[in-house]
Amino acid sequence: MTPVVALVGRPNVGKSTLFNRLTRTRDALVADFPGLTRDRKYGHANIAGHDFIVIDTGGIDGTEEGIEEKMAEQSLLAIEEADVVLFLVDARAGLLPADIGIAQYLRQREKTTVVVANKTDGIDADSHCGEFYQLGLGEVAKIAAAQGRGVTQLIEQVLSPLATALNSEQADENEENLATETNEFDEWNQDFDFNNEEDTALLDEALDEENSESIADKNIKIAIIGRPNVGKSTLTNRILGEERVVVYDMPGTTRDSIYIPMERDGQEYTIIDTAGVRKRGKINLAVEKFSVIKTLQAIQDANVVLLTIDAREGISDQDLSLLGFILNAGRSLVIVVNKWDGLSYDIKEQVKSELDRRLDFIDFARVHFISALHGSGVGNLFDSVKEAYACATQKTSTSMLTRILHMAADEHQPPLVNGRRVKLKYAHPGGYNPPIIVIHGNQVEKLSDAYKRYLSNYFRKSLKIIGSPIRIQFQEGNNPFAGKKNKLTPNQLRKRKRLMKFIKKTKNKK
């Protein structure tokens, strides 16, 4: 489960600055949702290899008279839903009564809390932060969020208790890598023929061992998400009611989301219901509970996401924010336009026109027009779900991807950089769900965004990938194991192949 980190504290202690630093706001989901306080923000972050959801709760005016009276209801909910609370204080302003009030509340909730003294730049941090130990919440982390100082160390401390051991192992590994890097580079440039199918088959076999875990589970997890009152509950119950094969309701690890196993045409599915606890029979719920946390975690845990939109309300900015999070998470996508029944022909054409205009950047996703209430079109969703999952997990080979790469380069040559043309050598699979294609070459980091989009679209069309995003990664040189834990050389690959042949022969003789 993706951990949740909540930022709490008085106004103007730097919560929003830290939030923007963690989420790199321009690239992350940052949105205000209905029912939340005005300055409450959610985002996805990846710091030091740790994926997590971060919440900015806005300013809390805690007083000695009672913190709960001054806290907004949604801020309380954020603290309850968080795995870790980062309690920000202002190192320059010192300890204030409001800080003490907030600390008292956090101690009562027995939440894992880290006191974070911000704005330590340009001052003697140790002398200014000493008084914050009075809060009784343990060690005080010292950062300067505006400059980014101490932020990475803070996240490692919070999310990786084994950070010291891991860093030690990484340091040893880096030392070893430095010693062998030159030899590996020479071997991959001289000893491996990327146009030889026997050589690339060896490579595929080794790479497949690293990527096989991501597609081992054949159970397709479907998350039904969307804004309040778009019909998520009705759609969930329509799917379950039609099939009548629900085994049991099993609470998932994601807070309050329900993981519901079901089977259809021999395929196992798990429906991730973010609309709250619901038993069969209770189909008509007046209001669907909406939790941003539940929705974001459901997206992370799903294989395929059904983004449900109300045809009568059209596409909102919140829909686009959720869509951005789905794409960032690399999840397969099916667009479901609900409440299609009863609309006039002219209104339907207007809705389709708006979809084409506002969703032109995800032309790879299937769009279904349904009525969850009456059931029309619901059964067809599973064809698109299976198609998207199959595309996201389809296996490809190095020889196939390299052929496609060379075809793309022949049709539209890479640009010149300082008088030299970027050379694209070969491509190999880098992972599944979503499909990852790793392209090796010289000066690939200098390729323009436009050419990268061209390559992505070319691979998508050539591989006929529908319903799933596709990720292209670029790597200098020839070594496909650069940066990986299990590094192999061409000779090691060939030795492994000979060993496997010997083992098979021995078994056959017995």
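Cβ from N, Cα, C; glycine included.
Fair warning: this is a prediction, and the values are worked out from it, not measured in the lab.
Going by Swiss-Prot, these are the annotated features:
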| type | residues | note |
| --- | --- | --- |
| DOMAIN | 3-166 | domain 'EngA-type G 1' |
| BINDING | 9-16, 56-60, 118-121 | GTP 1 binding site |
| DOMAIN | 220-393 | domain 'EngA-type G 2' |
| BINDING | 226-233, 273-277, 338-341 | GTP 2 binding site |
| DOMAIN | 394-478 | domain 'KH-like' |
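Taking all protein chains in view, 27 other C-beta atoms sit within 10 angstroms of the C-beta of T274 (GTP 2 binding site). Rounded to a whole number, the distance between the Cα atoms of T57 (GTP 1 binding site) and K232 (GTP 2 binding site) is 27 Å. Put simply, of the binding-site residues G9, N12, K15, T57, T120, the one whose Cα is nearest the Cα of T274 (GTP 2 binding site) is T57. Most other Cβ atoms within 10 A: among the binding-site residues N12, T57, T120, N229, that distinction falls to T57. Between the CA atoms of W340 (GTP 2 binding site) and T57 (GTP 1 binding site) there is a gap of 37 Å, rounded to the nearest whole number. For the domain 'EngA-type G 1' (3-166), the predicted model reports an average pLDDT of 77. Across the structure, T120 (GTP 1 binding site) and G226 (GTP 2 binding site) are spaced 41 Å apart at their Cα atoms.
Under the DSSP three-state reduction, G226 (GTP 2 binding site) is assigned to strand. The DSSP secondary structure for T57 (GTP 1 binding site) is coil. Under DSSP, residues within the domain 'KH-like' (394-478) fall into helix, strand and coil as 32 helix, 26 strand, 27 coil. DSSP assigns G9 (GTP 1 binding site) to a strand segment in the three-state reduction. In sequence order, K232, L307, T308, I309, D310, D319, L322, V336 are the residues of the chain that are 6 or more apart from G226 (GTP 2 binding site) and have a CB within less than 8 Å of its CB.
Following the DSSP three-state reduction, the secondary structure of K15 (GTP 1 binding site) is helix.
On the backbone, the CA of K15 (GTP 1 binding site) and the CA of N229 (GTP 2 binding site) stand 32 Å apart.
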